[in-house]
Amino acid sequence: MRARIAVNLLWMLTERGLGILVGIGVVAMLARALGPEAFAHFQYAQAIVLIASSAALICGAEIVVPRLVAMPSPADQHRLITHAALLRLAGALAGYLLIGVFLLIKQPNPDSWTTALLLGIPILCREPAGIVTAWMQSATHNRPTSIINLTALSLRLGVVVTLFVAGIAIVPAFAAAFTAEAIVAAALLLRYYRKRMPLPWPQIEWPLLRELFASGALLWVSFAFMMIIRRFDQLILESAVPTADFGAYAACMQIADNFALVASVMAAGIAPAMVYSKPRLADARRNVARLALGMGVLGLCGAATLALSASWIVHLLYGQAFAATIDLLRLTAFATSLLFIDIALSVLLAHMRRPPWFAVKWGVVLAVTIVADLVLIPRFGMLGAVAGYAISNMTALLCSATVWYLAGRHPAGRAERAVT
């Protein structure tokens, strides 16, 4: 079993690592092919879609996987999977509707309009089909998912490379590459599932739908808050600065997002053995402190490296047209290093499995982020957005540190597991 878990984790980390590398390459080609202004239109559309996609995160793997593990019967698993997929599809449709409503209200640039509608299509594919991934996770068998996702990722990369080499600078054409990736991945996942679970579709059971919705509501709200936090600054900044400046800031945040993703990958790889395996809360809390210290040092070292090599990185990835990104990256790198500590401390929250604490944390961070961005961005433009980003990350860190402190005063001395 340990060998199987290790192989499963290796596939997950490989997929995530290749995804980071391909993502960096794709963004670099997008920026170079489109230039700062058209790239800004693409990034603005992507920000709209990312926020709207949170509607499809209902009934996540955190809710489905434990139930699947406890269900030995394929028929019971199929019944649960189809109802969870139905919930996710309803959320995805609501998310796509939100995109349309926002576009009608804001009336953005035509490129952003078309691109947002294209980038929104993956919302309808990714989360509903992603229930198959949860099914594989419950069996500790992520290899097929990783292969399917990497296959679809290769398609996106191939389309983007083709457009880049051909000198095509049409924003919706690049958006179509992301849409094709999601459609192919969803089709392959569903095909894999139907071949191994050739059971008839069950009748809809409304009590089960209500139960799944209620069980995942708090986590859903938390994830929605997180999504809004990630891109709220860009929604405000787009109308506050020239388009080229917005493109420079968006390019900077792409690098910051990939830097922060390193912390997530590290935590996902280390936490099971270092924290989740500890039945006593005191032991888990102690190891979380060590993890936070180590990841904090790594984050600072990474931030210093990014700051010192910012000019080289920006010119390598984006070219001379994005020179304004250099100084922004130097500041943003250190703001992102705060996330390394926050992500490490958040492992304790995951270990304790207390959805209300997640919701409170991200609700506080969202409120602070909205206030900071609304105050700072209109006055200071891109620098205000960077300051708001730093304040948001620091707030998240302080919330996680507060949870870590309060957990030390827990009278039982061991983690309480919520019933899922």
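The backbone N, Cα and C atoms fix where each Cβ goes, glycine too.
The feature transmembrane segment is assigned by TrEMBL to 17-35, 47-65, 85-105, 117-137, 157-190, 211-229, 259-276, 288-308, 328-350, 362-380, 386-407.
Segment contact holds for the transmembrane segment (386-407) and the transmembrane segment (328-350), given three or more CB pairs below 8 angstroms at sequence separation of 6 or more. Stretch with the most C-beta contacts under 8 angstroms to the transmembrane segment (85-105), considering only 117-137, 211-229, 259-276, 288-308, 328-350: 117-137. The stretches the transmembrane segment (259-276) and the transmembrane segment (288-308) meet in space: the count of Cβ pairs below 8 angstroms, excluding pairs fewer than 6 apart in sequence, reaches at least three. Remote same-chain partners of the transmembrane segment (17-35), defined as residues 6 or more beyond its termini with a Cβ less than 8 Å from a stretch Cβ, comprise 42, 149-150, 153, 156-157, 160-161, 163-164, 167-169, 171, 174, 177, 247, 251, 254-255, 258, 261-262, 265, 316-319, 321-322. Beyond the ends of the transmembrane segment (362-380), by six or more residues, the same chain brings 221-222, 225-226, 228-229, 232-233, 236-237, 240, 387-388, 391-392, 395-396, 399 to within a C-beta distance below 8 angstroms of the stretch.
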